[in-house]
Amino acid sequence: MAKAQPKVALGDGFLQAFANIPRTKQKAVMNFVSKFRANPRAPGINYEVIRNARDPNFRSVRIDLDYRGIVLSPDQGNVYILLWVDKHDDAYTWAVRHRCQIHPTTGSLQLFEVEHEIEQRETDSSPQNIAPTPVEEQNQSDQHTIPATPLFNLEDDILLSIGVPQERLALVHSLTSEVALEKIERQLPIEAFEALYLLAAGTPLEEILQEYSLSKATEPVDIEDFEAALDNPVTQRRFHVPEDEQELGRMLNAPLERWRVFLHPSQRQLVERDWNGPVRVLGGAGTGKTVVAMHRARWLVSQPDWPKDARLLFTTFTSNLALDIADNLRKICTPEQAQRIEVVNLDAWVSQFVKRNGYQSTIVYPGGKDRHYDNCWSQAMALVPGELGLPDSFYKEEWQRVILSQQVRSRRDYFAASRVGRGVALNRRQRAQIWPVFEEMREQLARAGFVTVEDAIHHALNLLQTGSDKRSYHAVVVDEGQDFSAEALSLLRALVSEQRNDLFIVGDAHQRIYKRKTSFSHCGINIRGRGRKLKINYRTTELIRRYATALLEDVEIDDLDGGIDSTNDYRSLVLGQEPIIKNFSDIGGEVQWLVQQIEQLKVEDVSLSEICLVARTNRLCEDYAQILQNNGVPTHTLSRQKSDDRSQEGVRLATMHRIKGLEFRCVMMVGINKGIVPLSVAINSSQDVVERRLSDINERALFHVAATRAVRYLYISSHGAPSEYLLIKS
Ligand SMILES: Nc1ncnc2c1ncn2[C@@H]1O[C@H](COP(=O)(O)OP(=O)(O)OP(=O)(O)O)[C@@H](O)[C@H]1O
């Protein structure tokens, strides 16, 4: 009988090791891996048994004169897993220190260090040399302090259910602190370490089992069945079977971009399944919402029943994020899959759509560089009825919150419009007096050939609803769902028929910096039973996350569908260091300190392009750029239209709005002064208490967004009086 096709997988560690070898050697490894994937039993591939290896299934394979690969090659089945690559001796040392086996309870394939077992074995065999094992070491150090209480008071079967290997039970029972847990991280399989970390932080066991797809196996696990283990979602967190040569090429070309292949089980659960209608995925900053949305799009268009010629719309609020997503989708999709996905920010989509349908007007924005919108507004404001004594800010807010958002188009409409949530009450007569201002604004815009984005969206919606343009998509995936207006959400609803897998929306209202709260259900998007949340932060450290969320803790933040969302149910898995917060008497002192920090970071191997200085306004960005340059620090200001090209040298400069969606190893929030953050003109331009409160929430969200872009280091500095936000304790 013909032997089944061999299954070749790559571990995340292999890719990491591959990334670390010199470029000149990578070519040989690539050629080897390609040959190996095609036929791991090819005559030219010699499997050497590794003496001293704790894992009987480890073999070494020769790549060239110097380099060896470490492969898991079990006797049974037809599975080959590339685990590591390194120089001959280093590869062997790695192999001796690790073990890769199937967990008998969870059925996942686990990789972890066995160094401590080796030490133990050595001590066992030489009684005169009694070095303590890590467990003993910890117990010994604990003897000098208070009697140690175990960190986990859990039965063995519970520890086994979260993937702790049998041989690590004693070690886990002996732990008495989170610090001790962090120290043994590498001796545990990743999922067991994370589950213990989350348990220690107070996450309920049930939730962890659910997040990690660790529900009890219905059938007994066969610890020799490596093929079945590769299908386990927990295994897929670290091991991946490339579908074809192209996918293998994509993996090796970007070995450190783990998100491309290794989804966390909680992410995979959202991506690879049919949903019976619209899905809403919440998640704090850095929890992988964009990653999930991209994989969801790829998964949908790669299904065998995806109709020929059908299209998927992937949309976002900001244009830079749409650019990044289009780039990243190309990295995970085949050209055929990529062709089925249209990536465009919604405003641009609307503009193209209405133009194609004969609409001549150009969309203009308040505060736009061209000043078109603001000029029209000034003309309209000439009609303000002075006798009412309402401030100018009132009219702007009324225009945004009532006229545009409810598409009020006549005086009669205005009489009937809802003004719930507006601080100033108006009777019918007053509305009649005010109406001409808004009528004039539309007139001014129309005369100059302009339109607001709200009106253009409304027009697009009309075209679809009246059937004038039957454009539709087979599925719509949305990132930054929190920033879409009600009308925009209704438009998205109209773009795809109500059907299985129709809409997939990710978002986080803690990061809402443009619009006001909306509710999906009011826009015809019914997510009942299909609301989910991502809970692990991959980007920032825990201490940065805590600091960045503290500012929003007492603020009620919505869940995009009329409910409340919280910040205390997501975590980072690396503690990291506290953000550094400094105040200076003047900008000169501040910049001097920044320059010193930049120098220090360079010593720590952080390149200039991995540092981003963030300020509240464009003007401030320009000032800091100038002063840094005067101090000999090259800078590069991020533009609105282009994605950041990290090959360009220089410390990045960006406004808090521009940095949204990006991430940097080091973020320096600068000029966080009183009056600047929150921006006093943003808060005080309104005399309406409700508006002021909402503007303050937007400003807090902006601060939160900026702080959560930091991967490892967060510096916050001010000069003169510091912002009141800096006084809030994390
Ligand atoms: N499965 C994964 N494996 C490795 N890295 C991941 C994974 N998922 C996400 N990440 C990384 O975590 C970081 C945050 O991901 P992403 O931008 O998707 O989060 P987000 O929730 O959209 O963030 P935000 O809302 O703050 O913009 C990125 O660096 C991404 O590559």
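Cβ atoms here come from the backbone N, Cα and C positions, even for glycine.
TrEMBL: automatically predicted annotations, no manual curation.
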What range among 122-143, 628-649 does TrEMBL record as region 'Disordered'?
122-143
Segment-level pLDDT (mean, integer) for the domain 'UvrD-like helicase ATP-binding' (262-550):
92
CB-centroid shell, 8 A cutoff, ATP site Gly283, Gly284, Ala285, Gly286, Thr287, Gly288, Lys289, Thr290, site residues removed:
Asp508, Leu534, Asn537, Tyr538, Arg539
Which of the listed binding-site residues (Gly283, Gly284) has the least company, meaning the fewest other Cβ atoms within 10 Å of its Cβ?
Gly283
DSSP state at Gly286 (ATP binding site), helix/strand/coil:
coil
Among the binding-site residues Gly286, Lys289, Thr290, which residue has its Cβ surrounded by the fewest other Cβ atoms within 10 Å?
Thr290
Neighbour count, 10 Å Cβ-Cβ cut-off, for Ala285 (ATP binding site): what number do you get?
24
